[in-house]
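Summarising the annotation, TrEMBL assigns domain 'Glucosamine/galactosamine-6-phosphate isomerase' to 9-228. Marked as active site, proton acceptor by TrEMBL: 67, 138. Annotation comment: TrEMBL describes 136, 143 as active site, for ring-opening step. Annotation comment: TrEMBL describes 146, 153, 155, 156 as site 'Part of the allosteric site'.
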Ligand code: PGA
């Protein structure tokens, strides 16, 4: 697992955005896996800036979001479709018809889950998947105890996640307890994975992800099985790792090698 430890959240966003910009430069019709939550917002701002300065175009890009609340329609301000429009899609040249978010208002959500998997396959699979991480180690809405081979399905949110996300909902506003989420098996099939984490409240989940056993108790630990995963985290999120200096040393050596090969 590649672990890149940077000073702060701003550096994490920049580093993460650069990975996506390079990916799109190499493959203009890349299929991106995207995430919601507070952490990716700064990365999306970097992507918008890069688009506005002519550094990148999303014209041929398509995207699949990880998850959506079940029971919210796409125009609901707390829906993840609305979030993605606001935070990214409305500000870049992506064709909205090529952006996919699980349908929270599907009449038959079970069929919708199967169709989401099919749609990903029809696009040739996800080239690069962006992830945040919950304090409980969830990725997407794959809460602890999720099957490590799971596919897109309906998941009940844990109390911890409902409480963490309550800040986005008004006191009298309906907050869903169910979601549609890509499975851990779906995520593991993407060709590359970039997980971002910032802040001390993520330190335990990051330690369990990188150094803990492979366990459904920390769904993100399943990433240990992935061939190409990079964790981009700040000092605070890295603070419980057993050997921060080792990860920093590995990254410095990696960078030196890439520079020598002209691939930095
Ligand atoms: P956050 O959420 O970025 O708002 O902390 C991450 C997640 O729950 O995946």
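Placement of Cβ uses the backbone N, Cα and C atoms for every residue, glycine included.
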Task: Within 10 angstroms of residue 146 (site 'Part of the allosteric site'), Cα basis - active-site residues out of 67, 136, 138 - done: 138
Task: Contacting recorded positions for ligand 1, chosen from 136, 143, 146, 153, 155, 156 when the Cβ sits under 6 angstroms of any of its atoms - done: none
Task: CB contacts for residue 136 (active site, for ring-opening step) [other CB atoms within 10 A, all chains] - done: 19
TODO: Quick one: pull the CA-CA distance for residue 156 (site 'Part of the allosteric site') versus residue 143 (active site, for ring-opening step), whole Å only.
DONE: 8
TODO: Among all chains shown, work out which of the recorded sites 146, 156 has the most CB atoms within 10 A of its CB.
DONE: 146
Open item on the list: Between residue 67 (active site, proton acceptor) and residue 153 (site 'Part of the allosteric site'), how many Å separate their Cα atoms?
Closed with: 10
TODO: Among the recorded positions 138, 153, 155, point out the residue whose Cβ has the most other Cβ atoms within 10 Å, with all shown protein chains included in the count.
DONE: 138
